[in-house]
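Structure first, then comments.
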Amino acid sequence: MTDVTIKTLAAERQTSVERLVQQFADAGIRKSADDSVSAQEKQTLIDHLNQKNSGPDKLTLQRKTRSTLNIPGTGGKSKSVQIEVRKKRTFVKRDPQEAERLAAEEQAQREAEEQARREAEESAKREAQQKAEREAAEQAKREAAEQAKREAAEKDKVSNQQDDMTKNAQAEKARREQEAAELKRKAEEEARRKLEEEARRVAEEARRMAEENKWTDNAEPTEDSSDYHVTTSQHARQAEDESDREVEGGRGRGRNAKAARPKKGNKHAESKADREEARAAVRGGKGGKRKGSSLQQGFQKPAQAVNRDVVIGETITVGELANKMAVKGSQVIKAMMKLGAMATINQVIDQETAQLVAEEMGHKVILRRENELEEAVMSDRDTGAAAEPRAPVVTIMGHVDHGKTSLLDYIRSTKVASGEAGGITQHIGAYHVETENGMITFLDTPGHAAFTSMRARGAQATDIVVLVVAADDGVMPQTIEAIQHAKAAQVPVVVAVNKIDKPEADPDRVKNELSQYGILPEEWGGESQFVHVSAKAGTGIDELLDAILLQAEVLELKAVRKGMASGAVIESFLDKGRGPVATVLVREGTLHKGDIVLCGFEYGRVRAMRNELGREVLEAGPSIPVEILGLSGVPAAGDEVTVVRDEKKAREVALYRQGKFREVKLARQQKSKLENMFANMTEGEVHEVNIVLKADVQGSVEAISDSLLKLSTDEVKVKIIGSGVGGITETDATLAAASNAILVGFNVRADASARKVIEAESLDLRYYSVIYNLIDEVKAAMSGMLSPELKQQIIGLAEVRDVFKSPKFGAIAGCMVTEGVVKRHNPIRVLRDNVVIYEGELESLRRFKDDVNEVRNGMECGIGVKNYNDVRTGDVIEVFEIIEIQRTIA
């Protein structure tokens, strides 16, 4: 017969080549995919497979037993219960080799048990003997000490009669020695008896353990508890077994009952039902039959708490956690209150809180990962193997108006800065530039304080940070923040000292200020390159590019070019005609048009790709920024973008992420609500400024929301009712009308339907293109809600010279105005020795019997104080007025 190859044989057997090679290897034949197979080798493989697949001979015995049990019922009537017990046993025929192996193992085990038993007996004997010797020695020492004490006492007592009682003392001493010897002999006998009992007990224990571990038959029956199908309770089965034993025992039921009684040494306490059954069996009845036992609950409460393994997912309700720990929900709530958290039984808590509660109650916690589907989708990706050099990703960071975008404009030879509202960057711009020495990808970040998160994302997605510092301005707050972001991301920094062409430029000052924050130039022994540039004149631009490429060579940046792409979302927005648009920076692999991408909570197929110039491209490699269309929604800036194989699985992962994010968010909100419940009860009235915010890109929504929420104070709070990307729609206007909110549009406009609702409801709609103006106007609106500050201003002082009595007003103070003006009906204070003794209102003010409204400095007048008559000569009346000062938010 002609030999065939492994591949041909695999095709004939309809199996894979790798599995066939593995089967040959299991049979002891080493083959590769292209080797030939002889007929003898085929037969060897077939014999191996037959031997492997042939099952051992089995014998299954089934037994079914039916019986009737009479149980006494109420009213003296008995009730018959039909009992059926099914048993199944399977006997497996042992292989001869396996039987020999089991016999050898049994013999070895018997020898080991015998050796252990002998060692245990010898050890017990030695320990008992040593213990007896120690006890005898200690007893002798104690006797000797007592004897010495008694002798000393006797000696002191009879010291004056020593001559007369010498003989008696000697006789007493001999008697005591005899008693000590007798006590020592008794102690040795007691120790020997204890030693024998201990050795006998150890031998009995070893013999019992050996009998328990001994195998009685090579054909071991395997019995599964699940094969019992019992149609009544456990109590009925026990009653049937006891009835069978009594019938077999006949007249000897008294002896059987005595033998069935539990031993005294049993560590488990017998239940009440067991004791009653035992008494009934001893008493018996007519004809040797015992009375039927009463049905009693035989459950015994566990003596100690059971520690369980509690599996906790990312979120869990309090009730589910209590069920997993087998405790009441009230106990879990009590434990949470001890830890300082309030919860209800249906409240969802996060994984960390549940772990603390379970560990506090003494259970072992197993944290379950619920993202197996996500991990499976991520692992099923073709990522390629060979890494190739890639272009560096450079982020330009610095303070506002220090010339970041102008510097990038000169490099790109475009005028993007003129297109930015107010001349400040409000988006992350991603561009790649071709130079003579290679390609560089630039990310331009905003410098305003509101865009902190956008700068942080830029630092995380970058390889090199170019820190732009104006030579005339020096280090500013956002410059320091950019340094912190770069250090947190562990990214090298290249410093571009801009505006070097200005007369007031001072580069040395910039170096000194940056050195305070750990940015040292190379000439000072540091690691950062300093380049002097001018974005207007173009000075030093080539040196800056060379410094960037030099730093990139030092980093040896590489990425896999072939395979499925992955990257990060730099920016995202909603376009009215194109739908959700995301700016993606590819990190590795190649992104093609038509790929299925998973991006945070969103997914979709790439319908179109455009570069930063707006031109259509079919693919994008590492370090290339592109805009992609076709996602299911607007992703959050900073989300990971991953190309996957299956769109259905991508949708499942995205929905799972959305649900999990919602659960965790609700759990945290509920937790904060309950924790702040008492604080909210004690707070006074708090005014709220409700805002519905719409912006052009996701990064702007994020930055504006953070800036507005930071404006909140104890009296006025900013509440973002709704936010999103895209134009203002009718839904947004309806939401603003329902919540009495201000509509804010940042670089977006309202459509026709929204304008109708706004006009009908007279809503406050405001458009902005610069974030400074937006924040200032919201501050002004909040300042209008602040309650004014009340301030007391003293307007006059009058000294009491004399006191007169008036039937109408009581005591009238004759005063001289020493300072300011005294006005009628103003609040006053009466001061005596510079201490306020009364505060009230000026009721009557007269000058020469005429009522006047005010009296000026240096004039005399009569003052009547309302509801106060204890005015004395020498008192000072202080007149003041309360003025309101409008507060503003800083």
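Any Cβ shown, glycine's included, is placed from N, Cα and C.
Here the structure is a predicted model, which means the values were calculated and not measured.
Swiss-Prot assigns the feature region 'G2' to one of the listed ranges (28-32, 423-427, 433-437), namely 423-427. Taking a C-beta cut-off of under 8 angstroms and a sequence separation of 6 or more, Lys808 (N6-acetyllysine) has no same-chain neighbours. Helix, strand and coil residue tallies for the compositional bias 'Polar residues' (67-81), in that order: 3 helix, 10 strand, 2 coil [DSSP]. When averaged over the domain 'tr-type G' (389-558), pLDDT in the model lands at 76. Lys808 (N6-acetyllysine) falls within neither a helix nor a strand when secondary structure is assigned with DSSP, and so counts as coil.
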